[in-house]
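S.K.: Once you've had a glance at the structure underneath, I'll fire off some questions.
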Amino acid sequence: LLDELPMIYSCCVFVYCLYECFKYKNTVNYPLLFLLITYSFVVSIVYLNLKEPVFHQIMYGTLVSIIVLRSVYIVLWVYPWLRGLGYTSLTVFLMGFFLWNVDNIFCDKLRALREKMPPVVGAVTQFHAWWHILTGLGSYLHILLSLYTRTLFLKHRPKVKFVFGIWPVLLVEPPKKL
């Protein structure tokens, strides 16, 4: 139970960052902060008392939907050249989310099937593990998108580079002095 609550908290951080990324001043949006902290607290209390995974999934899915809608807005209307990064992060994340739900729904059947498979094949069908890998990668790509969006807004010059040709990282140059 406790290992799933950080998913709620980290999504609340994403929501806050995405809705505050177009501000120049170092300000705090107290109403949004209060709403997200209250949401996290209420979800935590209810989930720990009910111990109902579907409740957690719905609350988590609600936050992810808010993040997706804001991200789609950003890549469609604000920075359309970031569509590739935005859609890649969303696709990878949704693949993980799909596998998580398959694992939740068919856990007993998958476990029985794995017992009949060779160990290597059984290990590859651990969909809960794939959920962690894919949502971790999708979240990383989304953090990259969020950082890119924020640094662009602040008139820095961000560039995505690939370490060893495969791992994307963000390099940020300060704004040009005139």
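Note that Cβ sites are derived from N, Cα and C of the backbone, with glycine treated the same way.
Where the annotation comes from TrEMBL, it is an automatic prediction and has not been curated.
Pasting the relevant annotations from TrEMBL:
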| type | residues | note |
| --- | --- | --- |
| BINDING | HIS128, HIS132 | Zn(2+) binding site |
| TRANSMEM | 6-22 | transmembrane segment |
| TRANSMEM | 29-48 | transmembrane segment |
| TRANSMEM | 54-78 | transmembrane segment |
| TRANSMEM | 85-102 | transmembrane segment |
| TRANSMEM | 129-149 | transmembrane segment |
S.K.: Please figure out which one of 6-22, 29-48, 54-78, 85-102 racks up the most CB pairs under 8 Å against the transmembrane segment (129-149).
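M.R.: Comparing 6-22, 29-48, 54-78, 85-102: 85-102 has the most Cβ pairs near the transmembrane segment (129-149).
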S.K.: Do any residues at least six apart in sequence from HIS128 (Zn(2+) binding site), in the same chain, have a Cβ closer than 8 Å to its Cβ, and if so which, in order?
M.R.: LEU99, TRP100, ASP103
S.K.: Near the transmembrane segment (6-22), which residues from the same chain, at least 6 beyond its ends, have a CB less than 8 A from one of its CBs?
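M.R.: Contacts with the transmembrane segment (6-22): 29, 32-33, 36-37, 39-40, 43-44, 56, 59-60, 63-64, 66-67, 70-71, 74, 78, 139, 142, 146, 149-150, 153.
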S.K.: Counting every protein chain present, what is the number of Cβ atoms, excluding its own, within 10 Å of the Cβ of HIS132 (Zn(2+) binding site)?
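M.R.: Excluding its own Cβ, the number within 10 Å is 13.
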